Structures are given as structure tokens and as C-alpha cells.
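Q: For reference, TrEMBL lists these features for the protein:
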type     : residues : note
TRANSMEM : 54-71    : transmembrane segment
TRANSMEM : 83-105   : transmembrane segment
TRANSMEM : 126-151  : transmembrane segment
TRANSMEM : 163-184  : transmembrane segment
TRANSMEM : 191-215  : transmembrane segment
TRANSMEM : 279-306  : transmembrane segment
REGION   : 342-372  : region 'Disordered'
COMPBIAS : 354-366  : compositional bias 'Polar residues'
DOMAIN   : 432-674  : domain 'ABC transporter'
TRANSMEM : 767-785  : transmembrane segment
TRANSMEM : 797-824  : transmembrane segment
TRANSMEM : 845-873  : transmembrane segment
TRANSMEM : 879-906  : transmembrane segment
TRANSMEM : 918-941  : transmembrane segment
TRANSMEM : 991-1013 : transmembrane segment
Amino acid sequence: MYPAASALGAFQKWNTSQGRSVTGEGRGIKAFKACFRREWILTKRHLSVYKLRTAQVAFVAVVAATVYLRTHIHDHTLQDGTLLSGFLFYTILVMMFNGITELALTIERLPVFYRHYKNQFYPAWAFVLPATILRIPFSLMEAVLWSVLTYFEVGLTADPGRFFAYLCLLFLMHQFSVSFFRLIGAICRNVVVAFGTGSLALITILMLGGFAISYNTIHWGWRWFCWANPVFYAQRAIIVNEFSAPRWQSQLVDLPGFSAGTSLGDGIMESRGFATHRWWTWLGMGALGAAILICQLGIILAHAFLGHQWGLPVSNAHGLQNGYAHPASQTGHRVHDHTLHGGYEHPYGRDSPPMQQTGHPASSQGLPHGQEFPVSLEGHSKEHGLPVSQGGGVLVGGLHPDQHLMSSITISALMATAPDMMIVKKIKSGKLKPPNVVEHGKKVQMQLLAGVSGAFRPGILTCLFGVSGAGKTTLLDVLACRKTGGRWDGDVRVDGHPQQKETFARISGYAQQFDIHSPQATVREALLFSARCRLSKEHNNATVLKFVEEIERLVELDVIKDAVVGLTGISGLSTEQRKRLTIAVELVANPAIVFMDEPTTGLDARAAAVVMRTIRNVVNTGRTMVATIHQPSIDIFESFDELLLLMRGGRTIYWGPLGRQATKLFEHFELNPKVPKHTPGINPATWVLTTTSLGMMKKLGTNYAIAYAKSSLNRQNMELIENLSQPKEGSAPVHFASRHSLSTWGQYRTCFHKFLQTNWHNPNYNGTRYAITITVALVFGTVFWKDGQNTSSAANLFNSVGAVYVTVLNLGVINSISVQPGLVAERFVFYREHRAGYYSALPWYLANASVQFIFILAQAILYVCIVYFMAGFKKDVEAFFWFLLFMLLTLLYFTFYGSLCVFVTANVRHANILGSTFYTIFNLFAGFAIAPPSIPGWWIWFYWINPNAHTVYGLISTQFLQSDASVDVYGERVTLTAYIQNRFGFHHNLIGYNVLVLCGWTAIFLFAGALALRKLNFMKL
């Protein structure tokens, strides 16, 4: 048992022993202690997240310290104070961004919490508070790290009291950020919605935090939000903490607009609408502390009262599925053999001779290429007279089989393939032991397979079986040409010809143990996509659709063909339905050979029965099927025709037929008089594993691998292998000109159609994205109502730059963050489909990018049309389209950068950390927190390659340059163009360069993502 489960299990055991009547303080404290121990273990497991986040803070702090180095900042003018206040604003921004990673951590734990809470394992507060307590050291560490690396290097006031006040504010700010995003995660409960909502809240609180837009110029209808905004208090507190120091108060401001005797520090604060009283520092700390407590209370209430059902899968372990309950699951009765395969007799009979010398069962002898495979689901096959599965009364999808299964399923002649058999000779496989394992001074090869031989033939269901570590999955991977690690050798033949590894995926299917599908696709869409990518391009859409419909009926998915796949354990299909879909997406490729890795693992008896009946239906079509199995029930084990049994080290100890009720298997091992006889009704799988265990072999003094190698069964099998290893006269090896069925253009077109469908089915992503875009546009428009061209003073112009900076760039951050969760799911789907030969990496990636472009273009148009006219920007057609172009390019490069973060990291948490590192760096050099003329020479190069800087540069230049207006700069009137050039360093003649840089970054992020997708694989299949 894992330590985390053990910690909670202790409380569960105590809770059970005390009964439900135990309430009060004692129970709550015990629950809290158990949850705290578990949270401590989970925190240690997620330590990489906090290490990365701490490293991120250190890196960004060093960059910020060198940008605002004290040798470049003085305390003589208002300009000096504005520069330093930009650093303090940036500090608040960094602390806020660091809490975003808590969204994913919070949401991924909700399903477990809901199950536990529903069963009254603990109260909500006992679950929430341990995480709160254990986040405190990390907040303190990051606050100390930032303070030590920046406070004195930047040149803030060298006073112990002000330093510790600064440190305390950062600690509280970080704690508020963590609590705030945990609250959003607990309320939204969906990672895409939570990221979008969190980013929207981040934009709003930063825009109305008192720095980006001066409080004095905020529309009265929004001022109430400032007083409810903790960042507003934090920004005032950290500003007052610095500028109320004696070094700023000892100098006076002698400029128009300031009253006589105003100190330089007060003048700096008043110019941006900040309060000047020292007690604001303590008020800010108190406000942040209160906000943290409110967030914690909100987290507890959200956990206690919101969405318990979100944590429960559609199908639970008690047989309830889609509103129908199977009687066997309600009564607890075992599903018997007739339920599993409906009275089916195996193709060549359980008690027939072990192998036919021809190598083909009667069901597939002499079948010519292109001939139909009639398979009846009721009665018998007309051609072969084979009784086949009738469903046995098992409830499927909420309906009795007789209500939805057609009387027969015919695989069309156009799709039929000739039977293919696989012959393997003396397969050996190994890999290096871990680097620290050395024997006799040399790295040691760990043997996984040792001379495995066998034959897998059409119409026969073969089971690869053995203890853990016996090499079952390794053998399956070698057969399917999917072995990537270690080395192997041996001879693998298909219909007597050497296996063509490069194109073997074209004739084979591989159903993985884990059911990985696009969560937003329907069952029909998933099957059609697989068929279009993998069937020959000669088949038209009507033919492909007909074939897919036949496969749907074959695997009993026709009644749920329009159901959305959904997320495993959360929404959509049940586990058993997903498993059948996993098999179906391989069958629609019309493979002659199908491999399955533990197809029944994780299923209950009823679900496993349905899956095995599906597999039997497929075998009856004449396909070669090989499956690994783990701890099968009696019914599942006896549904196989042949067994290849391996012992640890990959050595064969049995290959042959099972026989009726596994009689052939029992007879083989009981030939040894020392082996205990089996008892009637025993599970053959359990018996054979016990009998062939290392302990039993030692006790009996028997080596089953040697015994099998000397047996007559092995000699008979080797004769069969030799016969099958010779190609039939006149036959040719299977050969394809390319690994993929479709051309590159065909792959792109098919993937493009898929992504259009899945995006249409994904309201959580696109609906949230557009809703947030409209909300941000309305907030921006109302806050900045008709002030877009208000340049009467330098303060108003600074507000315009700040509003553009906060809304446009942070809307890009929303796109970057919100694209990541869905893309992480699709990335694992890509790994599976790419490995199966659906497509190449580049067409898939470009198709996804193309669909993103369509939705982003609509998003940019929507945003600009609302904002441009509400804010009253320049009434000029050219300026409008410049604004639209810069907005579009900004959303594109942010979205593609978010995609790149996904493809170079292992999970969404690491992608968030990597993304937020560069969001903060890009924002630092965007030209707002520190204007280009003030950036030190050793960093100015980064400003000119920073995409955020060119977004702000382009938007401000197209709106305010080449204007005849003048601006009041502390009582002095200067032209608007001259002031912008001197203050921000913007020039109208560089707009084309701005566009070129943004296009370049868009292309760089786009193709870097494609390269990362192709070269990096974070899921070993």
C-alpha cells in the first residue's frame, strides 16, 4: 500500500470501528491528522513542481535586479520614482502569477475528495487546511528569495523595518495568490474553465490595482471594485512603504500641479493616485490577511457544497451504467460461462488435437483474398457452420442485445483481407539494468525474453500469460514492432515472409492497456477518423462509412455511436465502453493481426464479459488475435483458444491449446507426478501461476522451462513452426510504398476535419474562451469608456498605455494557459495514433494550428470590435485594422507558445511553470513597467526581440503617433508625438518591423512546437 493511502487508510479503519455515530471534536482532529499526513506525502511527491517554481522565482528575480540595478536608479526626480514604482508593480505581478500552478493541483484532487467526502471519511475543512498549512513554507521561501535577490540590488530604502515590511507584504501576497487560485479551482472544478476564469480575474485585479490605471482616473462605476480588490491594498502598501522613507520625503517637488511644500515621495504617490499615509502599509497587510481568510473559507465551502457528482464516473463499480443496472451486479452473482460467450464452441473444438499441421483452423482454411467473411451474431455462420456469440442475455448500453443487434454482420468484400499468421522463432530481448547496477565491473544486460517461439494464426485467440516480469508486454511489443528500448533479436515472419517493420502497422492493430481517445470526439467520429487515416485512400467516404457502421455493430457500439467519449472516470463513456472503443478503432483499420495488452484489466465481471464477447466476435471474422492477460477469471481464461505461458526471465513453459475447461493445460503439467492435482472448479489461471511459481518449482525440484523444451508438445510445436515458416508458393510479402495510407496533404485534411469537430464539441474551452474575451472587452471598455484618445495629460497617456498593456497581453496569457489542458490530453492521443501509423507529426500539428487560427481570428475580431469603439480609439480605418492585426498576432504567438510549453514538458503543471516564467520576463520588457530608454544597455537587446514589446509598441504607435495633439507634462505643453518618442522611445516608421517580429515569433513558436512534438515523447507506450 502506498504511504498516502496508508495514512488515510488508518483513519478509515478507525472511522469504521467507531461507527457513524462518532462525531465531535475528537473525530475532526483525527481526520485532520490523517489528511495532514497524506498531504505531506503528496507534497513531497509534487516537490518537483515547487522546486521548479522556486527556481523560476530566483531566475526572474536575478533578471529584474539586473534590469533595475541601483546604479541606474536615483532618488532625485519624479521620473526616478516612476521607474522604481514600476519595479514594485512588477513585484506584485510576479507574486500573483506564481499562484496559477495551484489551479491544476487543486482540480486533479477533487474527484478523490468527492468520493471520500460522500462516504464521510472526513469533513471538508480537514481536507483543505493541511494543504493551506503546507503551502506556507513555500510562500515564505519564495518571498525571502525574491526580497534578498532584489531589495538591495534595485536600491530600495536600506532600512530593516521597511525591508521586513516589504518581505511580509510579498509573503502575504503570495499566500493570497495561492489561496485565490485554489478557490477558483474549487469553484470551477474544470481545468479549462478554471484557467480561463483565473486569468480573467487576474486581468481585472491587475488593471484595477491602482498602478496600470490611476485610481483618480478610473470611472466611478468601477471604483468600488478597487476597494474590494486585495491587490489594490497591496499595491498601495508596497508603494507607501518605499516612498514614505526619509530619503524621498527630504526633497520637495517644484512643479506645476503640486501644492507648495510637497515632498518628492508624496509627489510620486499623488501623481499616480496613491495614498501617502504610512499606515497604509499596515492596512495593506491587514487587507491581504483578511482576503486570505475569506479565500480559505470559500475553499472549504466550495469543497463542502459544490459538485460532489463531478468526482464520480458515469459508470460505477456497482453495475450502474447509463441509468440501467445489470441484475448480476446487483445480486453479486457470478457471470457464468454461458453469459460470457453465449454457448460458443471454439473453432477447432476444445478437445481436438493441439495443432493442425496446416496451421489454419477450419474457420479460415483456404480463404482467398477479397472473399467475404459472413459472421452471424445469432445462430451459425452460413459458410462455416460455427456457433458464435449471441450475447447471453448480458445488458449492453442499457438495452438487451436482441433489441439492437442485427441478425448478421458482413464485412464487405472491398474491405476483406487475406488471413495473416505470425511465426516467431527464438525471440530474445534484453535491456541494460539501471546505471547503478554493475556486476564484475561491467554493465549487465537484463534478460526479458529467452528464446520464445510460437505461431499465431487466423481465427485463433491466443493468450500471453505469466507472472509479472515474465515479458508478456515485451513480447507483444516485439511482435507489433513497438519495442523502443533495449535490444532484441530473433526471426519474426508474416505468412512465411520476413516481417516488414517499417510498414507493419498498415496490416496490424494494437489495442493498448490504457484507453486513450480524444475526449471531445464522439464514438462515430473516433472510428471514422481512424478509418480515414488508415484505410486505403482508394475507398470513398460512403464505403468507409459503411464499413465503420459494420464494425460498430460487431463490437456493439452502434447504440452509443453519438456519445461523446469524455474523460476517463469523469464523464462520457464507461470503462467497458472505452475498452470496446479501443478495440474498434483498431478494427476499422481492417487489420489482419490484432494485438491487445490486458484488455480486461480494471473491469468488473460484467464489463469484462462484454469485452471478451466483443473480442470473440472479432476472432470469428478470421483475424489473428494475440492478447496479454492479468489475473483473469475462470470465464475469461477459458474463452481463449491457446495459451503461451512464460515464466520470469521470458522463458516458455507451455504453448498449446487450453481445451475445454482447460483440460489440455492441466494434463500437460500433471504429467509430472510431483505436481499437485487440480481440484474441480478451481481457476486454471490461479492454479497454473501457483504451480509454476519459483517457490513451487524449488519445492518440487522441477524446472518447467527445461521440462517443456524436452516435451513432445514442444517438438510438435517446432515442427508446426517450421512448416509455417515457409511461404506459400507464388505468395509475395506484404509491402507498402509508405508507412501511411494517406499523402501528407490527405493527413492534414483529415486531421483538420477532426480538430474542427472536437473544437466544436468543446464548449468548456471555446465557450469559456469567447465568454472571457467578451467579458474582458466589456470590462476594458467600461473602465476606459471613451478615454482612448484622452491625452490631455501625461497621466492620462500613461493610463492608456497601462490599459493596453494589461488587457491585450493578459488576454494572450489567457489563450496560452487555457490551450494547455486540452492539448495535454490530445498529445497522448497523438502518441498513440502516430505510433499506429495514422499520420506524421507535422500534418497533425499544422492542422491543429490551422483550426486554432480560425477560432483566434474570430476571437480577435470579437474583442477589437467591442473594445475599439467603447474605448473611443482613433476613428480611422487604417488604425482599426492595425489594431486588429496586432491583436491577432499577439493571440497567435501566445497560443502557440502555450502549445510549445505543453510539448516540451511532462504535464500541465510543469507547462504552467515554464509558461509563467516567460510571461513575467516578457511582461518586464514590454515597455510599460520600465520604458525602453531606461533599460540598461546590457538588456536592451532583449527588448527588441521581445514579442510583448512589439505588441505594445505597435498598438501605441498606430493610435497616438502622427498626431497634432499636445500633452500636458507637469504644466508644460509638448506635442504628443514628441512626448511618446522621448518617454517610451516609440517611432511610427518601425511599425512594419513590429509586424515582422511578431510574425517571426509566431512562426518560431509554431515550428518549435512541431519539432518538440516529433522528437519528445513523455508517454512510453
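Glycine too: its Cβ is placed from the backbone N, Cα and C atoms.
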Q: Can you work out whether the transmembrane segment (797-824) touches the transmembrane segment (879-906), with the criterion being 3+ CB pairs under 8 Å where the paired residues are 6 or more apart along the chain?
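A: Contact between the transmembrane segment (797-824) and the transmembrane segment (879-906): present.
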Q: Between 0 and 100, where does the mean pLDDT of the domain 'ABC transporter' (432-674) sit?
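A: Across the residues of the domain 'ABC transporter' (432-674) the model's pLDDT averages 83 on the 0 to 100 scale.
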Q: Any chance the transmembrane segment (54-71) and the transmembrane segment (918-941) are in contact, meaning at least three CB pairs closer than 8 A with a sequence separation of 6+?
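A: Yes; at least 3 Cβ pairs under 8 Å.
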Q: Between the stretches 83-105, 163-184, 191-215, 879-906, 918-941, which one has more Cβ pairs under 8 Å with the transmembrane segment (126-151) than any other?
A: 163-184
Q: Using Cβ distances below 8 Å and needing 3 or more such pairs, separated by at least 6 in sequence, tell me whether the transmembrane segment (279-306) contacts the transmembrane segment (918-941).
A: no
Q: The transmembrane segment (83-105) vs the transmembrane segment (191-215): three or more C-beta pairs under 8 Å (separation of 6 or more)?
A: yes
